[in-house]
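Please read the structure below before turning to the comments.
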Amino acid sequence: MSMFCYQCQETAGCKGCTVKGVCGKDESVAKAQDLLIYVTKGLAVVSNEGMKVGVKDSKVNKYIVENLFTTITNANFDRDSILDRVRETLRIREDLKAKVVKAGGKVGEVKVSGGFFKKLFGIAKEEMVGPDAATWTADNVIEFDAKAEKVGVLSTENEDIRSLRELITYGLKGLSAYMKHAMNLKYDDETVHEFMAKALAATLDDSLSVDQLVALALEAGKFGVNGMALLDKANTETYGNPEITTVDIGVRKNPGILISGHDLRDLEMLLEQTEGTGVDVYTHGEMLAGQYYPKFKKYKNFAGNYGNAWWKQKEEFEKFNGPIVMTTNCIVIPKASYKNRLFTTGATGMPGCPHIEAKADGTKDFSEVIKMAKKCSAPTEIEKGQIVGGFAHNQVIALADKVVAAVKSGAIKRFFVMAGCDGRANSRNYYTEFAEKLPKDTVILTAGCAKYKYNKLNLGDIGGIPRVLDAGQCNDSYSLVVIALKLQEVFRLKSVNELPISYNIAWYEQKAVIVLLSLLHLGVKNIHLGPTLPAFLSPNVAKVLVDNFGIGGITNVEDDMKMFMQG
């Protein structure tokens, strides 16, 4: 069986990648990821059973989170490291299974079948109780490859069951990213891990109906909110509340290190280790949000933001001249001209690129990156100017009186939530045109790399309130929810859907999936997704979302604008 992957928006023909991923992963990597997800579900089954008999293990939680994160689009292209995780997952599963059985649990228990006389004459058959994912084991690549052929997405034959299982799995992948970042800052929530194990195990349960899986997907949204709230708490208590910040997009004269991705702990360690070295640190992509946190502003070598969204990195990384640190997705297969300057860490991986491992205490040594930077030229300037951001919930609520007054006076007629992701497709230019053509009495609320489609346009302000309010990274979509709920409270409305807010969201990968499920859990309706609806939504599952939540796609700027402005 050839590879099959349809987890991202750019999947081939909006149906599925079957020869090579549009992301760049080949068939061997795709199948290694399939196998890793399969054995992770098996580990979740054992973990779920363990909870029933009081057996819990934080190491298991951590590994489930990291495995899921590793398979997010554009995170890890290193087949060997993925298969190493498969081996370690099997080992951890068997260790946990022994503890569960000792405590009275049933999973993985050996049962002898065949009747009394077959047992007597030694010809009975031994069988393992539990899903195959919880009992299958192997120790070599040949067996891994053979198993991977059988456990991919298409191994679930029923289209609707498959769709819902993948919707849940992709939501959990997104949630895993947020949990991992929070855990890196020593914040955690056991209830989220318990749900993740339960939900992963449920995707192996053939007895569950479509209705039960729909309910589970919405429950994933509940824990998505909890996960984003936890990460918001971790980030703000560690680094302070984001504040209105003007960020340079030009360059300085010193050599630099470019840090991309989402992990603020990695950013902190890099700033600590580069201080006083003569090496500047620039943010890239969604790491732009690091510029908004007060704690990072004390570092004099913390320069501005270099470049744009992830998909432009081949051109921009080449011109940066110095080393690049990828803390999370999104990585694009690098050009030879800068591949030796690309470092991965955390869940990321790229064959031929050095990987920086965390020590037992979670710290990382960036000395090799700094050493390389000192030998490199300063970044080539690709643009000049400044952008403004830092409008997370605490900052916007501090401006609440001003915002409310603008709404009451009619100066602000409508808010547009245009959070989400950017991508390669030309069809995404829709979002630039949409932002440009919005009436001057509207305000864009954004988070994630979707902002790069319009955050450098001169869209002006309304009474001193910028018309683009950037809350930060994709996880900071939580801030947009908090802002909406606060406005609902201020205006004394029964539902958040009564607010003059429209949702025109660009999605790309699995973190956007958990954001969507979180919004649905909160009761937000009439969300429009683009540039295409997810390929993993079967017609019947899509109909459920349309009928119950008003989910829709996009068409063209003119028609969509009229539809949104009508409320």
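Placed from the backbone N, Cα and C atoms, the Cβ positions cover glycine too.
Taken straight from Swiss-Prot:
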- Cys5, Cys8, Cys17, Cys23: [4Fe-4S] cluster binding site (BINDING)
- His262, Glu286, Cys330, Cys421, Cys449, Cys474, Glu509, Lys511: hybrid [4Fe-2O-2S] cluster binding site (BINDING)
- Cys421: cysteine persulfide (MOD_RES)
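Among the binding-site residues listed here, namely His262, Glu286, Cys449, Lys511, Lys511 has its C-alpha nearest to that of Cys8 ([4Fe-4S] cluster binding site). Closest by Cα distance to Cys5 ([4Fe-4S] cluster binding site), from the binding-site residues Cys330, Cys474, Glu509, is Glu509. Note: Cys17 ([4Fe-4S] cluster binding site) has non-local neighbours Met3, Phe4, Cys5, Tyr6, Thr11, Cys23, Ala30, i.e. same-chain residues 6+ apart with C-beta under 8 A of its own C-beta. Fewest Cβ neighbours within 10 Å among the binding-site residues Glu286, Glu509: this applies to Glu509.
Comparing local CB density within 10 A for the binding-site residues Cys23, Cys474, the maximum falls on Cys474. The least crowded of the binding-site residues His262, Lys511, judged by other CB atoms within 10 A of its own CB, is His262. In the three-state DSSP reading, Cys5 ([4Fe-4S] cluster binding site) counts as strand.
Within 10 Å of the C-beta of Cys449 (hybrid [4Fe-2O-2S] cluster binding site) we count 25 further C-beta atoms, all protein chains included. Apart from His262, Glu286, Cys330, Cys421, Cys449, Cys474, Glu509, Lys511, the residues listed for hybrid [4Fe-2O-2S] cluster, the same chain places the Cβ atoms of Gly285, Trp310, Asn329, Gly448, Gln473, Tyr508, Ala512 within 8 Å of the centroid of those Cβ atoms.
In sequence order, Thr73, Asn74, Ala75, Gly261, Gly285, Trp310, Trp311, Glu509 make up the list of same-chain residues 6 or more apart from Cys330 (hybrid [4Fe-2O-2S] cluster binding site) whose Cβ falls under 8 Å from its Cβ.
In sequence order, Gln9, Gly448, Cys449, Ala450, Cys474, Ala506, Trp507, Tyr508, Glu509, Lys511, Ala512 are the residues of the chain that are 6 or more apart from Cys421 (hybrid [4Fe-2O-2S] cluster binding site) and have a CB within less than 8 Å of its CB.
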